[in-house]
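Structure, as structure tokens:
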């Protein structure tokens, strides 16, 4: 694949075909787009494969940057496949239903590699071969939220259109990313609403979570999960998440993700510090790595749940505290006594305070898991120096067919 930096000189004048712009994208770029150029403009295209010639409907502009969707394909790539979803590419949820899943993984690996090289090459940081963890690309989500609205008297229920707050109704067969139980629950709710047996929902969203085969309200009820994981021997772990609490959404990859983290974290740590610890899932899986575990999380409900979760698994030597990592400093004594860090921040990445503390403290190593590879690599570029090496990069495709993916990296001090 060509990198984003290649091919700029091949730009040309804009051509109009049947009232639409005719473009030839040259490379894949982040967020599920391919990129095309004219003499003065840059175009980010959905539903277009590099090398194709496509008629494009423009949806958004910012200066000389344009975003659009390929509506007709004039020259078709051999990599294109028919979409298995009737509302792609209108729906803003998925980005890769016009290529095979294997090709999607190849694209995501290419984008991650390019981002790593862009940020780290000037520091002469050696980048290890990227590993990939993936599972079934269909029916994987254990949590979902659909948008609700009306067009006149007609009920709308689905996902937002690309670059819009217009709702694209779910197909009759439901969303490919959702389990059948969840698709049925959404359809049944709307059917009962039409019949009048359910009050018309005034909320703009409807959210569910899957507990086994049972669908429950995301915001109103806590949920229990269990998994068999090899850490290293096979063990069954259980955990609960409070109503509205965060959880990894791919039900097929939670165990492989935890097993990979277990593999990467060194044994016999005096203390592990976990930031953005959620409801304590990683601590449950990795407690054998250390005699002491300290986790920080902004949500007091999640902290209380984390304390209950470790007890559910017979673990007593873990401590969890409520702390806003965006605005508050971590207690220095506790940090200095932690030989290894684990961080799983939101998409925005590490806060300035966390990053400054990490640089100042210089632990023996850390593991960073993120659903935004650009902020992850940005943070790495600010921390990595001659004393540290990047020893593992693993792409975990938590979000098949969409523009997102998870990345785990391990950083450790050089010998």
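Every residue number used here counts from 1 along the chain in the order it is shown.
Quick reminder: no glycine exception, Cβ is built from N, Cα and C everywhere.
Swiss-Prot lists 371 with the feature active site, nucleophile. Listed in sequence order, 347, 398, 399, 404, 405, 406, 407 are the same-chain residues at least 6 apart in sequence whose CB falls under 8 Å from the CB of residue 371 (active site, nucleophile).
Long-range neighbours of residue 91 ([4Fe-4S] cluster binding site) (same chain, six or more residues apart, CB within less than 8 Å of its CB): 85, 158, 159, 160, 161, 162, 168. Marked as [4Fe-4S] cluster binding site by Swiss-Prot: 85, 91, 94, 175.
The S-adenosyl-L-methionine binding site annotation in Swiss-Prot covers 248, 276, 297, 344 and is backed by sequence analysis. Neighbours of residue 276 (S-adenosyl-L-methionine binding site), defined as other CB atoms within 10 A of its CB across all chains, total 22.
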Environment of 85, 91, 94, 175, the listed [4Fe-4S] cluster site - residues of the same chain whose CB lies within 8 A of the CB centroid: 87, 88, 93, 97, 159, 171, 176, 177, 401
Remaining residues near the recorded S-adenosyl-L-methionine site, that is with C-beta within 8 Å of the centroid of the site residues 248, 276, 297, 344: 246, 277, 278, 282, 345
Candidate with sparsest Cβ neighbourhood (10 Å radius) among 85, 94, 175, the listed binding-site residues: 85
Cα separation, residue 248 (S-adenosyl-L-methionine binding site) to residue 94 ([4Fe-4S] cluster binding site) (Å, whole number): 18
